[in-house]
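Take a look at the structure set out below.
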Amino acid sequence: MKILVLNAGSSTQKSCLYEIADEAFSTQASQPLWEGKINWTQDRGVAEIEVKTATGATLQESISDDSPQAHLAYMLNTLSDGDTKVIDRLSEIDVVGHRIVHGGEDYRDSVVITEDVKKAIASLSNLAPAHNPVALSGIEAIEKILKDVTQIAVFDTGFHATIPDAAAIYPGPYQWVEQGIRRYGFHGISHQYCSQRAAQILGQDVASGRLITCHLGNGCSLAAIKNGRSIDTTMGFTPLEGLMMGSRSGSVDPGILIYLLRYCDYSVEKLDEILNKASGLKGISGVSSDMREVRKAIAQGNSRAQLAWDIYVHRLRSGIGAMVTSLGGLDALVFTAGVGEHSAEIRQAACEAFGFLGLKLDLQKNQQKPVDEDIATNDSAVRVLVIHTQEDWAIAQHCWQILKN
């Protein structure tokens, strides 16, 4: 079975093609036959396209004066044409899976995409404006390029559907609940994959134990996972709540927003722009939303960069502590995504706060660029794992299961 995965971001479109045996889905992530990525400039008029294959073939091109859907079509044509060809015809693709950031209350399990599903994705775009519209654009592009191929929506909110009401419902008027305003949580595909991979690494049943998964990228969230089910998470009604992030503020006192609107002549649009794109590491440091650049600035004596680091670490530790109380203890702490996987300093800073739980980090292992490894000492009461998140593989798994069922 050939499965194409589309993972749409606010300024990127990542794609992978997997070939998976029809009779059984491997528990180990396999290397895709083909990987493609589109990076758009701010005006989306220029696309930087990168393609690579499992055999080592590569392609890099810049395309301008065309639509994003045309850019996607161009990239997908490299599947069956040129040096990066891995299939004879695009019609060989059996199914296309899409990461959909927000599924709302109605869509929690992965589903075959219909007109009703497309309408729901569109209606939820105001809750995930950077992601749902571009995902919908990708769905519509596939309809034109691959015609009647089955398309499947895999929702980032789905894994968190098991969060109990006490953790999911905000303490506002009950009318909010009736309007669907509640904690949905995000990065669910990543959190679920990492919980399953952690069980494999530790040799345990996925439906046992107490895990906290730390998805730390440009967007950041934590999930408390008990016996394989999400019971709490830091992101909420939108991906803006929770930890300090690259350019997003995370949680702030709502009174600040009222103050800015009432007394500082802020519009809703300006507030939205600031909270999502000019806050977090970028807003505090004045340097970058990229943790690597912030670290470089700290080394050069930049006090604002140091403050950004200190706030980031404080909020990460506080968030982990809150998840520990939801779980009633902790068996394993998992780090994943760009910062979580690659910043030994962040992992060490986070773990230092939890020595009282018996957590002991092996400092040497932590520095050795671990991938899918346990980096706690042998006598640590809490295991500490670094896991390379494989969202695309997880989406392919959902697609395979739906077609088989």
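Quick reminder: no glycine exception, Cβ is built from N, Cα and C everywhere.
These numbers come from a predicted model, not from an experiment.
Annotated in Swiss-Prot:
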ACT_SITE  Asp156  active site, proton donor/acceptor
BINDING   Asn7, Glu391  Mg(2+) binding site
BINDING   Lys14, His215, Leu216, Gly217, Asn218, Gly219, Asp290, Met291, Arg292, Gly338, Val339, Gly340, Glu341, His342  ATP binding site
BINDING   Arg99  substrate binding site
SITE      His187  site 'Transition state stabilizer'
SITE      Arg248  site 'Transition state stabilizer'
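Long-range Cβ neighbours of Lys14 (ATP binding site) (same chain, at least 6 residues apart, Cβ-Cβ under 8 Å): Leu6, Asn7, Ala8, Glu35, Gly36, Lys37, Asp392. Under the DSSP three-state reduction, Asp290 (ATP binding site) is assigned to coil, being neither helix nor strand. Under the DSSP three-state reduction, Glu341 (ATP binding site) is assigned to helix. For Asp156 (active site, proton donor/acceptor), the recorded positions whose C-alpha atoms fall inside a 10 Å radius of its own C-alpha are Arg99, His187, out of Arg99, His187, Asn218, Arg292. In this view, Val339 (ATP binding site) is surrounded by 25 other Cβ atoms within 10 Å of its Cβ, with every protein chain counted. For His187 (site 'Transition state stabilizer'), the same-chain residues 6+ apart in sequence whose C-beta sits under 8 angstroms from its C-beta are Asp156, His215, Gly219, Ser221, Ala223, Met235, Ala337. When Cβ atoms from all protein chains are considered, those within 10 Å of Asp156 (active site, proton donor/acceptor) total 26, not counting its own. Cα-Cα distance from Asn218 (ATP binding site) to Arg248 (site 'Transition state stabilizer'): 8 Å (rounded to the nearest whole number).
Listed in sequence order, Asn7, Arg99, Ile189, Ser190, Tyr193 are the same-chain residues six or more apart from Glu391 (Mg(2+) binding site) with CB atoms under 8 A from its CB. Across the structure, Glu341 (ATP binding site) and Arg248 (site 'Transition state stabilizer') are spaced 20 Å apart at their Cα atoms.
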